[in-house]
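All remarks here apply to the structure that follows.
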Amino acid sequence: PLGGKRAAPDLDVRKCLPCGPGGKGRCFGPNICCAEELGCFVGTAEALRCQEENYLPSPCQSGQKACGSGGRCAVFGLCCSPDGC
């Protein structure tokens, strides 16, 4: 319906940066990179690119569904927030 939660387009939320081997993953936080086939990398070299998110002006979102307390579904049923999985 007009004026409902879905009335305004989500122009301010973009996909988070790609990361990990071959750029197959997505950043879930400044130190977290999750890739469908590989799982999640936390605080490793694969997640280093995710620190760039701190310097970008617009917010981003990874994962399809919300889970836990402010998290998003990552891989293999794992729920990740910017602080951890």
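One is the number of the first residue shown, and numbering goes on along the chain from there.
Cβ coordinates come from backbone N, Cα and C, glycine included.
Residues annotated as glycine amide in Swiss-Prot, with similarity to another entry given as evidence: Gly3.
The disulfide bond annotation in Swiss-Prot covers Cys16-Cys60 (among others). All protein chains included, Cys60 (disulfide bond) registers 15 other Cβ atoms within 10 Å of its own Cβ.
The annotation disulfide bond is assigned in Swiss-Prot to Cys19-Cys33 (among others). The Cβ of Cys19 (disulfide bond) has Gly25, Arg26, Cys27, Cys33, Ala35, Phe41, Glu46, Ala47, Arg49, Cys50 as same-chain neighbours under 8 Å, each 6 or more residues away in sequence. Secondary structure from DSSP puts Cys19 (disulfide bond) in a beta strand.
Feature annotation from Swiss-Prot assigns disulfide bond to Cys27-Cys50 (among others).
What Swiss-Prot lists as disulfide bond is Cys34-Cys40 (among others), and the listing cites similarity to another entry. Sequence-distant neighbours of Cys40 (disulfide bond) (same chain, 6+ apart, CB under 8 A from its CB) are Phe28, Ile32, Cys33, Cys34, Ala74, Val75, Leu78, Cys80, Cys85.
The number of other CB atoms found within 10 A of the CB of Cys79 (disulfide bond), across every protein chain shown, is 18. Feature annotation from Swiss-Prot assigns disulfide bond to Cys67-Cys79 (among others).
Counting every protein chain shown, 24 other Cβ atoms lie within 10 Å of the Cβ of Cys80 (disulfide bond). Residues annotated as disulfide bond in Swiss-Prot, with similarity to another entry given as evidence: Cys80-Cys85 (among others).
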Between Cys67 (disulfide bond) and Cys60 (disulfide bond), the C-alpha gap once rounded to whole angstrom: 16
Between Cys79 (disulfide bond) and Cys16 (disulfide bond), the C-alpha gap once rounded to whole angstrom: 16
Candidate with sparsest Cβ neighbourhood (10 Å radius) among Cys33, Cys34, Cys50, the listed disulfide-bonded residues: Cys50
